[in-house]
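Enquirer: Dumping the structure here so I can ask a few things about it.
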Amino acid sequence: MTLKIHDTLTREKRDFVPADPQRVTMYVCGPTVYNYAHIGNFRPVVVFDVLFRVLRHLYGEDAVVYARNVTDVDDKINQKAADEGVPISVITDRYLAAYHQDADALGALRPTLEPKATEHIGAILEMIGQLVENGSAYAAEGHVLFDTQSFADYGQLSGRPLDEMIAGARVEVAPYKRHPADFVLWKPSKENEPEWESPWGAGRPGWHIECSAMIDKALGQTIDIHAGGIDLTFPHHENEVAQSRCAHKTSVLANYWMHNGFLDMSGEKMSKSLGNVIIPHELLETTPGEVIRWALLSAHYRQPLDWTPELLEQSKKSLDRLYGALRRAKDVAPDQAMEAPAEVMSALMDDLNTPLATSAFFEVSSAIEKAVTAGDTVAIAANKARLLEAGALLGFLQADPDAWFEGDASDELKAQVEDLLAKRVAARAAKDWSAADAIRGELDALGVVVMDGPAGATWRMKD
């Protein structure tokens, strides 16, 4: 079975063939650490975490090198530090730690490499020097700019003529530019901003050159997969291609380009500038990370995803159903010889079709339920293993089923519930139905839902 990827550059679905199966390389644009990331920022984190898991499954865990950068020099970071009156490192350390905390809670594996822009200034200056020497960049008024007209393939990735790209994007107009689309590689720092010495004067790098330099140092001049949000196609990724190809005189930066769609609210793109953002750092206080992850994977990654409270509710119900099946099968060990269902693998191999993949989970959970009712331990073991393997491929079903349903219940409450359930069992055995109903009422008052089944009663906290 071959993994197929929709390549943004060629506009078609292609068989994935790594340049070196023993070193599969992927790069995803990471955070600018000046504030908490919003839920739209985490869509690529979760989507391409699934890609990372699938590649590890196909080629081996040690064969996949996944780099996700950290932008830790930026105007917004400088402004945040100035507003709070603290060093820049306080801001970047705080929000990078929060980003890691949130990504972990959403079930994203840590990337193999996490290069920071400030740790690659030497590599950035080296690449800028190559571009100037090649005639692809020029110095002007303390700046160094990329000459877009020197690169014949500029615009190929986004598939739009240069004039159209300029009209549809925020392009800085400056008198020192040879062409309006020329972009900054190096610029002078303002007072109290971080700066580094360079052949063109003290300053700091532009955003686009950071990624090109970090890709080169972390992964090489040509990589297998470059991924990110669709909004990065132009100008960021277009500019990366131009810089990297001109600096190295190569024909390809990435063999496959992948872009996830926008996350919308009421049909409008979610963004901090519009003020319509959901912050996972806050949402995670009330919502399990797996629920948020399920919601983020509920639409195909290339399609827009409309974020609503109903989406989270449905995601919670879906996971409750799956965890419920695992809970009822908890006394049977999974059959380690079993693999994820073919339907799940087939869906993932078709350009990461996560909605189709997760829909196949429910057939397996139903098989578990039937096997539990029939007392068929062989079928329970086989299907439990298949469901857990499928979950591992997509980052789901990583919690203990009992803990999933008990939620944030304290140890004291858990003990109280178990005591009441034991008394209810005794009352039912004695056919004292009024006492059993009264106990159920006490449990309801505690916010506990009791579920009777063939293996006895289980419970969960109310949503």
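Glycine too: its Cβ is placed from the backbone N, Cα and C atoms.
What you are looking at is a predicted structure, and each value in this text was computed from that prediction instead of being measured.
From Swiss-Prot, here are the annotated features:
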type: BINDING; residues: CYS29, CYS211, HIS236, GLU240; note: Zn(2+) binding site
type: MOTIF; residues: 31-41; note: motif ''HIGH' region'
type: MOTIF; residues: 269-273; note: motif ''KMSKS' region'
type: BINDING; residues: LYS272; note: ATP binding site
Enquirer: Report the DSSP secondary-structure composition of the motif ''HIGH' region' (31-41) as helix, strand and coil residue counts.
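Expert: Split into helix, strand and coil, the motif ''HIGH' region' (31-41) gives 3 helix, 1 strand, 7 coil.
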Enquirer: Give the distance between the Cα atoms of the residue listed as 'ATP binding site' and CYS29 (Zn(2+) binding site), rounded to the nearest whole Å.
Expert: 18
Enquirer: Enumerate the residues of the same chain, CYS29, CYS211, HIS236, GLU240 excluded, that satisfy the criterion Cβ within 8 A of the mean position of the Cβ atoms of the recorded Zn(2+) site; list them in sequence order.
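Expert: Apart from the listed residues, the neighbours are TRP207, HIS208, GLU210, SER212, HIS226, GLY228, LEU232, HIS237, ASN239.
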Enquirer: Might you list, by sequence position, any residue in that chain lying six or more from CYS29 (Zn(2+) binding site) with a Cβ less than 8 Å away from its Cβ?
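Expert: Those within reach of CYS29 (Zn(2+) binding site), by Cβ under 8 Å and sequence separation of 6 or more, are PRO44, ARG68, ASN69, CYS211, ALA227, GLY228, GLY229, LEU232, HIS236.
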Enquirer: Helix, strand or coil: which one is CYS29 (Zn(2+) binding site) in, per DSSP?
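Expert: DSSP call for CYS29 (Zn(2+) binding site): coil, neither helix nor strand.
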Enquirer: Would you count the other C-beta atoms found within 10 angstroms of the C-beta of CYS211 (Zn(2+) binding site) for me?
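Expert: That number is 28.
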Enquirer: Could you tell me which three-state DSSP class GLU240 (Zn(2+) binding site) falls into?
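Expert: SS state of GLU240 (Zn(2+) binding site) = helix.
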Enquirer: Other than its own, how many Cβ atoms are within 10 Å of the Cβ belonging to LYS272 (ATP binding site)?
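Expert: 16, counting other Cβ atoms within 10 Å of LYS272 (ATP binding site).
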